Amino acid sequence: MMSLLPLLLIGIVLPATQAKDYGKCELNQILRERGVDKVISLPELICTMFHSSGFSTETEVDNNNHKEYGIFQISSNGWCAEKQEDVERSVCGILCSKLLDDDITDDIVCAKKILQLPERLDHWKAHNTFCRENLDQWNC
């Protein structure tokens, strides 16, 4: 029985640091509270997030010579940094690995920086493919 105690403790601690899957209305509320609706149409953004990450914070995708991270699928190609020494040169000033946890506060800050650029949602391929029209299903 004593040998199971360390495994039990690991099982209790690990879920607190693991990723989270959000629902569309939960995300809608969080994004609205953080003022993202002042920057971009939430149905368009939520559709793009769904088709990019499935609303999962742990999504990590290899995309040719860079990776995309987290619920917003933020690219290591200039937006976030894969190495600590590159953080200051990245637009969002964050390690990409920090975009994979269940706290999406820093993800939202980074996404807002990207969304305020002229290309806005066009930085995400899923937006052009799936989220330009018929967005009623993404309302809450």
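Placed from the backbone N, Cα and C atoms, the Cβ positions cover glycine too.
Predicted, not measured: the structure shown is a model, and the values here were computed from it.
Residues annotated as signal peptide in Swiss-Prot: 1-19. The domain 'C-type lysozyme' annotation in Swiss-Prot covers 20-140. Swiss-Prot lists Cys25-Cys140, Cys47-Cys131, Cys80-Cys96, Cys92-Cys110 with the feature disulfide bond, giving sequence analysis as the kind of evidence. Annotation comment: Swiss-Prot describes Lys98, Asp101, Asp103, Asp106, Asp107 as Ca(2+) binding site, evidence class similarity to another entry.
Overlay of Swiss-Prot annotations on the structure.
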{"residue": "Cys25", "record": "disulfide bond", "Cβ neighbours (10 Å)": "12"}
{"residue": "Cys80", "record": "disulfide bond", "Cβ neighbours (10 Å)": "28"}
{"residue": "Cys92", "record": "disulfide bond", "Cβ neighbours (10 Å)": "22"}
{"residue": "Cys96", "record": "disulfide bond", "Cβ neighbours (10 Å)": "25"}
{"residue": "Lys98", "record": "Ca(2+) binding site", "Cβ neighbours (10 Å)": "17"}
{"residue": "Asp101", "record": "Ca(2+) binding site", "Cβ neighbours (10 Å)": "17"}
{"residue": "Asp103", "record": "Ca(2+) binding site", "Cβ neighbours (10 Å)": "12"}
{"residue": "Asp106", "record": "Ca(2+) binding site", "Cβ neighbours (10 Å)": "18"}
{"residue": "Cys110", "record": "disulfide bond", "Cβ neighbours (10 Å)": "25"}
{"residue": "Cys140", "record": "disulfide bond", "Cβ neighbours (10 Å)": "13"}
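Within 8 Å of the centroid of the Cβ atoms of Lys98, Asp101, Asp103, Asp106, Asp107, where the record puts Ca(2+), the same chain has further Cβ atoms from Thr57, Gly70, Ile94, Leu99, Leu100, Asp102, Ile104, Thr105. Per DSSP, the domain 'C-type lysozyme' (20-140) is made up of 60 helix, 14 strand, 47 coil. Inclusion criterion for the disulfide-bonded residues Cys25, Cys80, Cys92, Cys131, Cys140: a C-alpha placed within 10 angstroms of the C-alpha of Asp106 (Ca(2+) binding site); this criterion is met by Cys92. Note on proximity: among Cys25, Asp101, Asp103, Asp107, Cys131, the recorded positions of the record, the Cα nearest Cys80 (disulfide bond) is that of Asp107. Of the candidate disulfide-bonded residues, Cys25, Cys92, Cys96, Cys131, the one lying closest to Asp103 (Ca(2+) binding site) when CA atoms are compared is Cys96.
Note: Asp107 (Ca(2+) binding site) has non-local neighbours Thr57, Gly70, Ile71, Phe72, Ile74, Leu99, i.e. same-chain residues 6+ apart with C-beta under 8 A of its own C-beta. Here Cys47 (disulfide bond) comes close to Ala126, His127, Phe130, Cys131, Leu135, Trp138: these same-chain residues lie at least six apart in sequence, with C-beta atoms under 8 angstroms from its C-beta.
When averaged over the domain 'C-type lysozyme' (20-140), pLDDT in the model lands at 95.
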